[in-house]
Amino acid sequence: MDLALVEALQGVLFQWHRLAVVKFWAANEKTGFASYLTTYHLTWLGLACAVLLFSGASEIVGGKWWKIEWTAVIVMGVAKSAALYAQEIARASGASFRYAVGALLLTVGSSIAGVVAYRLTQSIAPVLMASTAVFLLSSAICICRAGLIGTGARFRREHFRTMLRYGLPLILVFVSVTALTRLDRPILALFETSSVVGVYAAATALITNMVSAACLLLVTPAYPWLLREKERRPEHDYRRLHAQVGVLMLSGVLAAGTALYCARGAVLPLLLGTTIGNAARPYVLPLLAIAIVGAFRAHFFDQAYHLFSRTRTLMVLNIATLVVATPALYMGAKLDGLNGLLCGLLIANALSLLASAIFSKSFVNVRQLLGGVGTLAAVSSVSGLAGEMLVHSFSYAATNPQLAGIASATMAMFVFFVGMYLTDVGAIRSLKWRRV
């Protein structure tokens, strides 16, 4: 609960500030850039100090001052916020490679570091410290460029006021999003044993991080570029480009998800341990479906609402999603335990995606998106089937599941990319890579 509280706190307090950094970057890049950076850096430091003061007071009042785990949780929360902030600066400045490395460290790297630390020590404090070290490394990589520190300039009130006008209304969005990501485990714990909750939590964390990393590597770095292109291109051309980016993002997510599904027999025991990994294997497909639907809504449609400054609509959609998801998760878990919870999650995420698409029809090319999504779903199904057929025909699959999983994932990836090329998903054959 301590870790969840600090994670939720930093997500709600810091995320609006990170989005404001990217939103107004291009407008300040040519004039007053140093003061713009200084204002945002000092604001982040103020937020970080507020978190530390609040957490320190909680330690004293709650009698947790002597617990090293609680201190490690606080430090990790601030370090993660620093990594996310540095990541936003990297993507806004066009440093795509540093952003990609930072995104991988933040998601996959921190998960692997935590797993390795736990398997070596069987203690939670080293896990938190290992994750903190990865977050600090990600921060250093993303911001290691001259001119991004903003030294020698003054704090500007106009930058601060603009930031608050844009960002503060988004806090309700992040409150609802954070609550939604924290509801499932406490609800599941009411109706299932701790071992089932542990398997679900471990598998969900791994799959969600993998899907998020795939999204972060394409559509999130494209956001500052899309902001600039929005001012340069005609509306119909820009909507076509925006939908193309969304289809390409989804193709990357589905490729990674299909490969993970085919290699689940090798990957899950390796990363989660034999007991948890084998127990989680039956839930890989529904967890992948939930993660992909949720990530596509969050990383594509939510960013579309930010691009077109429809933040009030976004706020209403996220609050409505929370209102629908809470009873759906509770009733699902009550009726059928973990399977019911997964059904409730899938229904809530699907309805949220549908609502986001309906209310974005005026500024998103939904028809082009639907065509790409349908083609990608067919390509993903065929590639997954090809990978599974290879495993079943592999004579050493029972004695060497790791090799069978690698072979299955390789076959699935090959069929997936061949299918993408043949169907020309996202106009991939005519894609101008230097521009996109």
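In case you wondered, yes, glycine gets a Cβ from its N, Cα and C as well.
In TrEMBL, annotation is done automatically, which means it is predicted and not curated.
The annotation transmembrane segment is assigned in TrEMBL to 33-56 (among others).
Residues or ranges marked as transmembrane segment by TrEMBL: 97-118 (among others). For the transmembrane segment (97-118), same-chain residues at least 6 beyond its ends with a Cβ under 8 Å from one of its own Cβ atoms are 80, 83-84, 86-87, 90-91, 124, 126-127, 129-131, 133-135, 137-139, 141-142, 144-145, 205-206, 209-210, 212-213, 216-217, 220-221, 271-272.
Look at TrEMBL and you will find 124-151 (among others) tagged as transmembrane segment.
Sequence annotations record features per position, and here TrEMBL assigns transmembrane segment to 163-180 (among others). Under 8 Å from some Cβ of the transmembrane segment (163-180) lie the Cβ atoms of residues 7-8, 11-12, 15-17, 19-20, 23-24, 39-40, 43, 298, 311-312, 314-315, 318-319, 321-322, 325, 348, all in the same chain and six or more residues away from its ends.
Summarising the annotation, TrEMBL assigns transmembrane segment to 200-226 (among others).
Sequence annotations record features per position, and here TrEMBL assigns transmembrane segment to 247-271 (among others). Beyond its flanks by at least six residues, the transmembrane segment (247-271) meets 111-112, 115, 203, 206-207, 210-211, 213-215, 217-219, 277-278, 280-281, 284-285, 288, 291-292, 295-296, 299-300, 368-369, 372-373, 376-377, 379-380, 383-384, 387-388, 391, 401-406, 408-409, 411-413, 416-417, 420, 425-426, 428, 436 of its own chain at Cβ-Cβ distances under 8 Å.
The transmembrane segment feature in TrEMBL is assigned to 283-301 (among others).
Per TrEMBL, the feature transmembrane segment maps to 313-332 (among others). Tertiary neighbourhood of the transmembrane segment (313-332): same-chain residues 169-170, 172-173, 176-177, 179-180, 183-184, 187, 302, 305-306, 340-345, 347-348, 351-352, 355-356, 359, selected by CB-CB distance under 8 Å and a gap of 6+ residues from either end.
Annotation source TrEMBL lists transmembrane segment at 338-357 (among others).
Outside the transmembrane segment (369-391), and at least 6 residues removed from its termini, the chain residues within Cβ reach (under 8 Å) are 243, 246-247, 250-251, 254-255, 257-259, 261-262, 265, 357, 397, 404-405, 407-409, 411-416, 419-420, 423, 425-426. Among the features that TrEMBL reports, transmembrane segment is placed at 369-391 (among others).
Residues 251, 254-255, 258-267, 376, 378-380, 382-384, 386-388, 390-391, 394, 396-397, 428-429 of the same chain sit 6 or more residues outside the transmembrane segment (403-422) yet have a Cβ under 8 Å from a Cβ within it. What TrEMBL records for 403-422 (among others) is transmembrane segment.
Sequence-distant contacts of the transmembrane segment (283-301) (same chain, six or more residues past either end, CB-CB distance under 8 Å): 177, 199-200, 203-204, 207-208, 210-212, 214-216, 219-220, 246, 249-250, 253-254, 257, 260-261, 264, 268, 338, 342, 345-346, 349-350, 352-353, 356-357, 360, 364.
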